[in-house]
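Below you'll find the structure, written out as structure tokens, and then a few comments.
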Amino acid sequence: MTKFIFVTGGVVSSLGKGIAAASIAAILESRGLNVTMLKLDPYINVDPGTMSPFQHGEVFVTDDGAETDLDLGHYERFIDSTMTRRNSFSTGQVYENVIAKERRGDYLGGTVQVIPHITDEIKRRIHEGAAGYDVAIVEIGGTVGDIESLPFLEAIRQMRSQLGRNNTLFAHLSYVPYIAAAGEIKTKPTQHTVKEMLSIGLQPDILICRMDRTMPADERRKIALFCNVEERAIVGSYDVDSIYECPEMLHDQGIDNIITEQLQLNVQQADLTAWKKIVHAIQNPKHTVKIAMVGKYVDLTESYKSLIEALKHAGIHTETDVQITFVDSESIEKNNGDVSMLKDMDAILVPGGFGSRGVEGKIAAVRYARENNVPYLGICLGMQIALIEYARDVAGLKGANSTEFDLKCAAPVVALIDEWQTADGSVETRDESADLGGTMRLGAQEVELKAGSLAAKIYGSGHIRERHRHRYEVNNNYVPQLEKAGLVIGGVSAGRERLVETIELPNHPWFFACQFHPEFTSNPRKGHPLFTAFVKAALNNKKA
């Protein structure tokens, strides 16, 4: 029978529930348990696919093509389990399914209500996502007290009642502030958030206290007394230099022993050797490189969360401190293409994105990298931008652009994909009038790499599988002209469309761009060959 750990948060948002939940999962996995994780989002959007990065941060894409919360990226980076669309659902999906059942007549004319119909659907989805695992860690998005979260909290209250205390555990994350003017740690916010939980029938078994300093023993006793939680189950979650220090930090306070005792799990002791090696590598780099990330969401770096982590992973595996400088592509555009801020950079990266804002600034960055032999990595839109720059400045295609930015451009070297074959062999079609939500080329797709290409050398294989999230693609009608001008198509899709997947420049020290998102499959234990190669290229450029 699957055991459930429910992780909730109180007082304020952005405390790090996802990191805490993933750290617990990593510790339990090191004890020999088969662990999965679920994220329940209370917003009414069906998924975050159409949400602004400034509103939501990064959209993480799963292997099976679900557009999900960025916390699923943390889950995959912390445990050896691949997330699917079953590992994430929102209020929008729950209501969508319940209403569809009502329209079919599945409720036999009954009045459809939050209890039991919505809560039953939530429980059904939790059990579905947890099936086959020893332990499922379920993170409830939002903050206890939010009206949107109530159906989810009621559902897990019912699960505790139905499954019992030895099969369910509630871990609540709270904020314990330090008031500098008074020189005191304040526990009152934590007392109030637990009071809020108790009002809806939830008693925390573990309190994880988010703090910027170690908790004094008397404050721990005070929280335990007022919140009716064992003193040893008051666990501190302190500020650390790297999120990968969190599993060891929580383990050192005995959190996994509390969990295994309550859930009656007879398992081996935790072995966090791999995590200690990761932390040691982060804390003891032998080299330093500066990488410019040129994008338009740089005011909220959470928009590039997986990408930032992938570069850090490459740093771990090359013993390098990767220092990222975020460059606003729109500022380059406004300053007439001034890229002087790139001159001290060892490499340049242009990430994915949507829309025309800041595009010419990105093109200027690509031009600088190409003309000055600076290592360049383009991802998704970053590949399309590189191709547009090459088409304009090298192949002589005047007016080269993407129809995403200019529907009537003279040379549409990038255009809307109107038809493609998915990984399972089915064919999808789109046009300009299609809905935006869930209509892109999504999830893992097969890619064939050209023998002898930089792509094949990086991956050490002629066939790879990478995740995608895009609506526009290289226009194959222009490929012959671009190849004649020297561009190398290093990878194409394995389907009948032979869509361009990677491009490279043979007479450049290291210039590579891909249509897919390799950052979604990087983790600190293994890294990713593409990012490792990119950081090595940056190191070589620095030495040169």
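Cβ coordinates are placed from backbone N, Cα and C, and glycine is handled just like the others.
According to DSSP, Cys380 (active site, nucleophile) is assigned to coil rather than to any helix or strand. Around Cys380 (active site, nucleophile), a 10 Å sphere centred on its CB holds 22 further CB atoms from the protein chains shown. Taken from Swiss-Prot, the feature active site, nucleophile covers Cys380, and the record attributes it to sequence analysis.
Per Swiss-Prot, active site is recorded for His517 (among others), and the stated evidence type is sequence analysis. A coil conformation is recorded for His517 (active site) in the three-state DSSP classification, outside any helix or strand. In the shown protein chains, 21 other C-beta atoms lie within 10 A of the C-beta of His517 (active site).
For Glu519 (among others), the entry in Swiss-Prot reads active site, with the evidence type sequence analysis. Around the Cβ of Glu519 (active site), the same chain contributes Ser306, Leu307, Glu309, Ala310, Ile379, His528, Phe531, each under 8 angstroms and 6 or more positions distant in sequence.
If you look up Swiss-Prot, you'll see Ser13, Lys186, Thr187, Lys188, Pro189, Thr190, Gln191, Lys222 marked as UTP binding site. Classification of Lys186 (UTP binding site) by DSSP places it in coil, neither helical nor stranded. Around Lys186 (UTP binding site), the same-chain residues six or more apart in sequence whose CB sits under 8 Å from its CB are Val176, Pro177, Tyr178, Ile179, listed in sequence order.
Positions annotated as CTP binding site by Swiss-Prot, on the basis of sequence analysis: Ser13, Asp146, Ile147, Glu148, Lys186, Thr187, Lys188, Pro189, Thr190, Gln191, Lys222. Take the CB of Lys222 (UTP binding site) and look out to 10 A: across all protein chains shown you find 17 other CB atoms. Under the DSSP three-state reduction, Lys222 (UTP binding site) is assigned to helix.
Positions annotated as ATP binding site by Swiss-Prot: Ser14, Leu15, Gly16, Lys17, Gly18, Ile19, Asp71. Close to Asp71 (ATP binding site) in the fold, though at least 6 residues off in sequence, lie Lys17, Gly18, Ala21, Ala22, Lys39, Phe60, Glu139, each with a CB less than 8 Å from its CB.
Positions annotated as Mg(2+) binding site by Swiss-Prot: Asp71, Glu139. Annotation note: Glu139 (Mg(2+) binding site) sits in a strand segment as assigned by DSSP. Neighbours of Glu139 (Mg(2+) binding site), defined as other CB atoms within 10 A of its CB across all chains, total 28.
Within the same chain, residues at least 6 positions away in sequence whose Cβ sits under 8 Å from that of Glu404 (L-glutamine binding site) are Phe354, Gly355, Ser356, Val414, Leu416, Arg471, Tyr472. The feature L-glutamine binding site is assigned by Swiss-Prot to Gly353, Leu381, Gly382, Met383, Gln384, Glu404, Arg471.
Summarising the annotation, Swiss-Prot assigns domain 'Glutamine amidotransferase type-1' to 290-544 and lists sequence analysis as the type of evidence.
Annotation comment: Swiss-Prot describes 1-265 as region 'Amidoligase domain'.
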> Distance between Ile19 (ATP binding site) and His517 (active site) at the Cα atoms, whole Å?
Replying inline: 22
>> Below 8 Å Cβ to Cβ and six or more residues apart, same chain only. Which residues does that give for Ser13 (UTP binding site)?
In response: Gly142, Thr143
>> I'd like the Cβ neighbour count for Met383 (L-glutamine binding site), meaning other Cβ atoms within 10 Å of its Cβ, all protein chains included.
In response: 27
> Of the binding-site residues Leu15, Thr187, Lys188, Met383, which one sits closest to Ile147 (CTP binding site) when you measure Cα to Cα?
Replying inline: Leu15
>> Roughly how many Å lie between the Cα atoms of His517 (active site) and Lys188 (UTP binding site), rounded to a whole value?
In response: 44
> If you measure Gly16 (ATP binding site) to Gln384 (L-glutamine binding site) at Cα, how many Å is it?
Replying inline: 34
> Any idea what the Cα distance is from Gln191 (UTP binding site) over to Met383 (L-glutamine binding site), rounded to a whole Å?
Replying inline: 51
